[in-house]
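Residues or ranges marked as ATP binding site by Swiss-Prot on the basis of sequence analysis: 169, 170, 171, 172, 173, 174, 175, 176. As annotated by Swiss-Prot, site 'Required for activity' applies to 373, with the evidence given as sequence analysis.
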């Protein structure tokens, strides 16, 4: 078969017309150095701050230093096989994590990947880990309570929905225990919980997850893990990832509670990254923007108004406010709250719960020091009954501390002073509480009523715990309806006062403890 020149030229023209080049523009660069999880890349002209850079082997790095002739990026994951000369690409994307209800009851890593062996995570889309906090106009004042289930916290240092309340103290003072109990207490409150574990041992995190499961609270909780064995980059990003997951509920008119355990370890991870990127060190070798590291995270915890929720959901949710409440944890060294990171976070948050090792070792648990613990906005969120009955508790404890310091030097004390000391000791004893045993508003109110109205005067100090346990069992058995009513309304009036008085009078007359 012979082709003439006309046919050949026609065929070539046809092929040229059909030919289509699919070109994909990539901003590509070359790794010029790798050390300690930090890569320097040359040739990335259009990279953004915080952009994900695609590495060989389906891994990513995050661009943190944009310099004149190179980009400093931190690798998320293993980096031992990365070498000079390898090609990397810009993705044009900021780091995002999966969000949605499907994450509840799951344990995930910083990137939202499941690590609990329960299969893939169902999600409702992705959300950027870095987000701008709601503005002043979009917020609403805090006026609804978050009950932790701890008498000492709910009475003296109340927490409201949308508040940031710092939990601060030395190691082994019960900070995580307080946070975990607060999560357990939200089982039936409708508040979704996120627990972010940063730089902790995997065995400790596994224990927390097991306890949440035992007490039926895991189904309502997302656990985000960046354990001590993870890279500094993942430890630094974990709180932001957890916050993005919490904002999903906040922006849809629901309430969420997030625990950052703890931000001291996140600051140390960020310091490590910054020093490896050769950023100039400041106080305690932290970089200059360590305040911004925590402020941009904690400002995202807020109560947003109904207009914000309606606009965000495009009219699907109307008349509902949303909130994200944060309980950041900070670990101090030898009780030094004036160190750099603790003072930063104290100034960012709306109050702090200070846990003291001396109190913890003396058997006063939770080891809350009511003298320097404060809640700046939670008072407006307290239920009416708690507000009414908790007023005298803080005063009684303050007077007791003052007199206790005094009485060490005085040999003979008058009756009024003795009475005040005895009352203070009994209130201190009454505020003790076992772990994993959060109390409802009604039972807390009854106990506070007993302390406030002098029902403990003739109870021996050693029997205060027994008195409380017997009282709890008695009201559960005989007055469950009243307890339910108080839990639902939180109201306090002459009728409820009379009923509480009647319960205690009958209990003291007929029961033993």
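Using the three backbone atoms N, Cα and C, a Cβ is placed for every residue, glycine included.
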I need the least crowded one of these binding-site residues (171, 175), counting other C-beta atoms within 10 angstroms of each C-beta.
171
Count the other Cβ atoms sitting within 10 Å of the Cβ of residue 373 (site 'Required for activity'), across every protein chain shown.
22
ATP site shell beyond 169, 170, 171, 172, 173, 174, 175, 176, criterion: Cβ within 8 Å of Cβ centroid:
331, 355, 357, 360, 367
So among the binding-site residues 169, 174, who's got the most Cβ atoms within 10 Å?
169
In whole Å, how far does the CA atom of residue 175 (ATP binding site) lie from that of residue 373 (site 'Required for activity')?
14
Please report the distance from the Cα of residue 170 (ATP binding site) to the Cα of residue 373 (site 'Required for activity'), rounded to the nearest angstrom.
15
Taking 172, 176 as the binding-site residues to compare, which has the smallest set of other Cβ atoms within 10 Å?
172
Look up residue 176 (ATP binding site) in the DSSP assignment and reduce it to helix, strand or coil.
helix
Have a look around residue 170 (ATP binding site) and count the other CB atoms within 10 A of its CB, chains all included.
18
Report the same-chain neighbours of residue 173 (ATP binding site): residues 6+ apart in sequence with Cβ closer than 8 Å to its Cβ, ordered by sequence.
355, 356, 357, 360, 367
